[in-house]
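Please read the structure below before turning to the comments.
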Amino acid sequence: MSQFPTSPTDVPVINTSFTDTGNTPYIMGGEDGGGMGAPAAGGGGGGGGGHNAASDTNHQRQNSQSMKIKHIPTFDAAEMREAMSPTGPMTPNPFSRKNTSIDLDDYFTGPRDILKHSKWPLFMQMHGSILPKMIVPLLWMCLWSACITCIHMLKTKMAVDSVLLTVLGFVVGMGLSFRSSTAYERYAEGRRYWAQLILACQNLGRVFWIHGGDPENIDRRQSLLRKIGCMNLLLAFSVSLKHKLRFEPYTGYEDLEHLVAHLSTFAQEATAAEPEKVQEKKKNFFKETGEYLGVSFAASNPRKTIKKASRPLGNLPLEILSYISCLVDKMVEDGQLKVPMQQTIAYNNISLLNDIMTGTERVLTTPLPIAYTIAISQITWVYVMLLPFQLVGKLEWITIPATVAAAYIILGILFIGREIENPFGEDVNDLPLELYCEQVASELDIISSFEKSDPYAFMESGLNLPLFPASMAPYPIWMTRSENRVHNAIINKHDTVFEFRKRVVLEKVASNAAGGKSEKKTSSEATVTSNGDHNV
């Protein structure tokens, strides 16, 4: 196995025609190791990339965290060997399971991919419907109504006055309305917090990349990598908050490990000590099927992983927020944020991130009081169980399908409220947190792709039409004209555009009145000069 050279002069020239396929992960060696690293023996798959190889032992991880960069060697561009990306074969999108499997788990669990378009009518769509979780209750109601109907038709009359429908129907309607409104309020509040999270990440991303200056006496590469590291912390905060809201307290997840492996946190230490707890155990057929069908006896306790932890797990989003706060303090201290308003924006958005974290935790840990939940569920079930007695007198054998249809309507509203009460879970109708994290990652990449070295460079382009539509002349032509002419053109732009559009409208009306067959340019269009001006 080949090793990296031990000195910059031994580095071969870059082969610019080489294409990095991302299939050869590398691990970075220590400063005293005499080289940058060596090819990893086995690259990690998925979004975790080469971190599986980089964390074979706790000793290696601790050494990598304790290393300090004393100096940065300088390399010429022709001598720099291309650094391979520390990733192995991975899914197209580490934040989503889209296009990665065809299991039933992707169909009956979620969250649903809101970007996917379906041409099926809504009443025929199954993915996202509450029907799979109502199969067992509907089968029970079918058997119950069939039993009551058979007894009524073949043995003893069991019909009762339908006035009970009116009395109980009002109470059930009020209860279901209260249940649905409170559940959707929590759902909308959760979405509002994640929208604020995206906003805060955008603002802090601009502060780090655009407003933040480069400290003196620091290598430009180091400054760029520091800034991109700050922006990666914003993504790490978003992804860690997603996992925290789903009761996943560790760091060894596909979309999180590479973002926080270099941070010293309680969750990182717990993951290194108990890596087997990150992997979810395979469920047996009956338990998995029961969860698909919404059977309460088969549902797992979502807090089971936290309760079984033998080491302190900490609060990963809060710890990442502490790192971000320290970095902003250091940027202010070093004079990278010279304008007071920039400092205010940074600190205000850090406070906003803290508010988002506590707000989402409040939504998660403050469900509808259990007394309301139990009472509404009991009242609803009593109502649907009494339906056959009130319908069988008039509908007879039609009572069976009528009861099933009524139960689907009433219980469906009850089950939907229960599903969206926790908007951060993995039910089909929960919020697509993976999509929001993907949006944060994409928009931070967009911000970091902006070149701010010469802010006025884009204005000098020949494609810039500063006085459009009064003039089609580009920026370079206006620079050849006198200051007085430029100033007058700007002052008269409103009148010029108004008169030009007025002539165009009148000539189009005249052309339509004449039959509209003429393809000759109008006189207003012909007034454009060789410099692109409309009489300017």
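The backbone N, Cα and C atoms fix where each Cβ goes, glycine too.
Quantities reported herein were computed from a predicted structural model and do not represent experimental measurements.
Database features, via TrEMBL:
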COMPBIAS  1-24  compositional bias 'Polar residues'
REGION    1-68  region 'Disordered'
COMPBIAS  30-51  compositional bias 'Gly residues'
COMPBIAS  55-67  compositional bias 'Polar residues'
TRANSMEM  134-154  transmembrane segment
TRANSMEM  160-181  transmembrane segment
TRANSMEM  370-391  transmembrane segment
TRANSMEM  397-416  transmembrane segment
REGION    515-536  region 'Disordered'
COMPBIAS  524-536  compositional bias 'Polar residues'
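The stretch in 134-154, 160-181, 397-416 that contributes the largest number of Cβ pairs under 8 Å to the transmembrane segment (370-391) is 160-181.
Here the transmembrane segment (160-181) has Cβ contacts under 8 Å with residues 368, 372-373, 375-376, 379-380, 382-383, 386-387, 389-391, 393-394, 410, 413-414, 416-418 of the same chain, all six or more residues outside its ends. Residues 293-295, 384-385, 387-389, 392-393, 396-397, 399-400, 403-404, 407-408, 411-412, 415 of the same chain lie 6+ residues outside the transmembrane segment (134-154) yet bring a C-beta within less than 8 angstroms of a C-beta in it.
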